[in-house]
Amino acid sequence: MSCKFVLQLLGFWLLLSQPCRARVTKEWLDEVIHVCGREYVRAILDICAATVGLEAPPLRRRRMTEEAVSSFIKEDAEPFDTMPNLSEKPKTALPEGHPSLPEQQQYVPVSSDSVGSLDDFKKSFHATQGEAEDSSLPELKSLYLDTLSRKKRYTSIYMSHQCCFRGCSRRSLTAAC
């Protein structure tokens, strides 16, 4: 073998035998640091860059439910696009004023002279539906998102003050990643 090849092989072996400096140890993560302002942001960026892929994130509740649902699926089940065979015997037609659902049966007028109260009921029912549609999804959604962003903002402000005045571990800062 040539001397150059042996030296290159030795150099390559020495590089591989060196411990990786990019590895994150538990001691490094548990070390308490005091950082304020820009140093706090830089520390978060450094910690997030160093810990990418280090620890698997905890399983979320949604994934657990998906796994539970998939375990109940039968492989020999029929596809959902087929309709079950219904009996060919036609059902007896109900009179037009006769309610078929139990929810409708509780609002049936007692006598024929109470038709006015039925009309009042219909008007009030449609009015309450309109009110329910007025406070619909976009307003509630923005309210929900506002509370989430507010919680995240307060949490990050609290963490920055804690890291500045009392100190915090790098592991606690990984929650911001």
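Yeah, the Cβs are placed from backbone N, Cα and C, and that goes for glycine too.
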Review point. Can you tell which of CYS163, CYS177 is bonded to CYS168 by a disulfide, based on Swiss-Prot?
Key: CYS163
Check your understanding: Non-local Cβ contacts of CYS168 (disulfide bond) (under 8 Å, 6 or more apart, same chain)?
Key -> VAL32, ILE33, MET159, GLN162
Study note, to complete from the structure: Per DSSP (helix/strand/coil reduction), CYS168 (disulfide bond) sits in strand
